[in-house]
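Structure first, commentary second.
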Amino acid sequence: MSFGSKVSRALRFLEIPVKDRASVSFLKNPDLQPIKSANQTWGFWSNFAYWGVMSFSVGTWMSASSALGVGLSYPETIGTFIVGDVLTIIFTLANSCPGYDWKVGFTLAQRFVFGIYGSAFGIIIRILMSIVNYGSNAWVGGLCINMILDSWSHHYLHLPNTLSSKVAMTTKELIGFIIFHVLTAFCYLMKPYHMNYILIWSCVATFFSMLGMVIYLAKQAHGVGELFTSTKSTATGSTKAWAWVYMISYWFGSVSPGSTNQSDYSRFGSSNWAIWAGTICALLIPTTLIPVFGVIGASTCDKLYGEQYWMPMDIFNHWLTTNYSAGARAGAFFCGLSFVLSQMSYTISNCGFASGMDLAGLLPKYVDIKRGALFAACVSWACLPWNFYNSSSTFLTVMSSFGVVMTPIISVMICDNFLIRKRQYSITNAFILKGEYYFTKGVNWRAIVAWVCGMTPGLPGIAWEVNNDYFHNTGIVNFFYGDSFFSFLISFFVYWGLCLLFPFKITVKHDDKDYYGAFTDEEARKKGMVPYSEISEEEIRAYTLGEGYTTGHEYRPEGSDDEIPELVKTSSENTNEFEIVHHKNNEKQSSTASEKAA
């Protein structure tokens, strides 16, 4: 057997297995197709929990600790978080539309806007973000694992470190990190849309654990401490105004990856109301409440123990090391269990499954969500996440500023959805190489240019954030502070303007039939589509399995006499006009349609 034959055989072996009515190809696998209507089960609490799990977390508990660094008081910082939440809600809900309109995820939404090949830009960025965030969250999850193990054994609590001093972690931390990874890996055996109950229960458990901690500390300290009143704003005038802008932008930037791929989870929604109400409540209530818990925790610890503990794990470590009582051990165990569940839920939904969905979009023939998630889990070790927390690494600073890169992507997607395509997309064409979304050589250069224009001005600000001594330019720094606002507007209007100046042909507004069973009969008819239940088996196979492929835009079962639209551009260059010529029994009928770019 030749080397080429061996490679081909190995590649065939690596192809993902598929069931009936499913196929894999260069552009398609079952995980990329629209979600079946039967699996769109996420109601209010599921959507609330998806965003709530980000807030009922150790990271959000610690978030207010960044306040003093920019010169704001803690109450002012909570105010910036609330404004940042409103901004996040607007961006997130606007970016939810491809998911709840057409039941597709981030990968297909990228193809709609950036093109079949151009979509790789945003997808790769999201994958890198997911992998790094996976490592970071897994490390914190490992610390939560150690809370449980510490409560079990006094010897484990004082386990000696056997690692070299050159490694920025201890033996205990390594053990917790490994255990967390192993536990998380088993969860990828489930489908993403089955995870909603885990998300809900993790939010409930973590909320009551955090509430119990705050009540206990406040009772012991006879109040909430003095941090809310003793810390004063050191910034004044325009400096204070820009500090507000920075914290708002920072707060949005920390969750911008989730806003970017919101379609991955909005497609699971049972109704638009459930998505909107759940997302709004989750991005307003816990994101405000949990940072307040964190301030109370640090304030009461300062009064009780003479030190501000911002990480819940540090609080329990103090309790266990000073008094290894049954009460302290029980508290560490149950709170540690809820924190582990919270970190697992967040890591799986926002990092593991997210990267799995994205990798499935890059290599759909060989990668499904499960394989992609496991790959991200393995590669996350290469990020050396222990250096993020146990050394002087500036990587977390850079990561918190990554909204500079993500916000322009969100902006272009929103502009295309509302102003250019008017919320109309053809799902079948997202699986065709030279179809509706091929644009220019597979790339929508207008979207790429708009993304670059919105991203580039903020890059010097990231360099300044890493090292303030690089340069001293107030304009660049202030632009970076407000990047979430400025980059969004720049990319939005640049893309809109380019589409007006250089319009592309919108030849297919949406599919005429629900080939994937993504809608109920009533929903399909409202969208002007033939319901799935009324489509023949042969036609479904033609579209979902790729049998009978006949043209660059449509599928047809072989030997069928059904009408096949052949799309022919008209002479107009300034509008998106096209002529649809229907062929049936060698007879032609013509019709003309015109769609403007904006």
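Even glycines carry a Cβ here, placed using N, Cα and C.
What Swiss-Prot says about this one:
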type	residues	note
COMPBIAS	588-598	compositional bias 'Polar residues'
MOD_RES	SER560	phosphoserine
REGION	574-598	region 'Disordered'
TOPO_DOM	1-41	topological domain 'Cytoplasmic'
TOPO_DOM	63-73	topological domain 'Extracellular'
TOPO_DOM	95-111	topological domain 'Cytoplasmic'
TOPO_DOM	133-173	topological domain 'Extracellular'
TOPO_DOM	219-240	topological domain 'Extracellular'
TOPO_DOM	262-274	topological domain 'Cytoplasmic'
TOPO_DOM	296-332	topological domain 'Extracellular'
TOPO_DOM	354-371	topological domain 'Cytoplasmic'
TOPO_DOM	416-446	topological domain 'Cytoplasmic'
TOPO_DOM	468-483	topological domain 'Extracellular'
TOPO_DOM	505-598	topological domain 'Cytoplasmic'
TRANSMEM	42-62	transmembrane segment
TRANSMEM	74-94	transmembrane segment
TRANSMEM	112-132	transmembrane segment
TRANSMEM	174-194	transmembrane segment
TRANSMEM	198-218	transmembrane segment
TRANSMEM	241-261	transmembrane segment
TRANSMEM	275-295	transmembrane segment
TRANSMEM	333-353	transmembrane segment
TRANSMEM	372-392	transmembrane segment
TRANSMEM	395-415	transmembrane segment
TRANSMEM	447-467	transmembrane segment
TRANSMEM	484-504	transmembrane segment
Are there residues at least six beyond either end of the transmembrane segment (275-295) with Cβ under 8 Å to its Cβ atoms? List them, or say none. 42-52, 54-57, 60-65, 74, 77-78, 81-82, 85-86, 88-89, 92-93, 96, 100, 203, 207, 210-211, 213-214, 227-228, 266, 269, 310
Of the listed stretches (42-62, 74-94, 174-194, 241-261, 484-504), which one yields the highest count of Cβ-Cβ distances below 8 Å with the transmembrane segment (372-392)? 174-194
Stretch among 74-94, 198-218, 241-261, 447-467 sharing the most Cβ pairs under 8 Å with the transmembrane segment (112-132): 447-467
Long-range CB partners for the topological domain 'Extracellular' (219-240) (under 8 A, at least six residues beyond its ends), listed in sequence order, are 67-68, 70-76, 295-296, 298-300, 302-304, 308
Out of 74-94, 198-218, 241-261, 447-467, 484-504, which stretch touches the transmembrane segment (333-353) the most, going by CB pairs under 8 Å? 198-218
The topological domain 'Extracellular' (468-483): which same-chain residues, six or more beyond its ends, come within Cβ distance under 8 Å? 242-243, 245-246, 249, 253, 401, 403-404, 407, 457-458, 460-462
Would you report the average pLDDT that the model assigns to the topological domain 'Cytoplasmic' (1-41)? 79
Given pairs 6 or more apart, does the transmembrane segment (447-467) have at least three Cβ pairs under 8 Å with the transmembrane segment (484-504)? yes
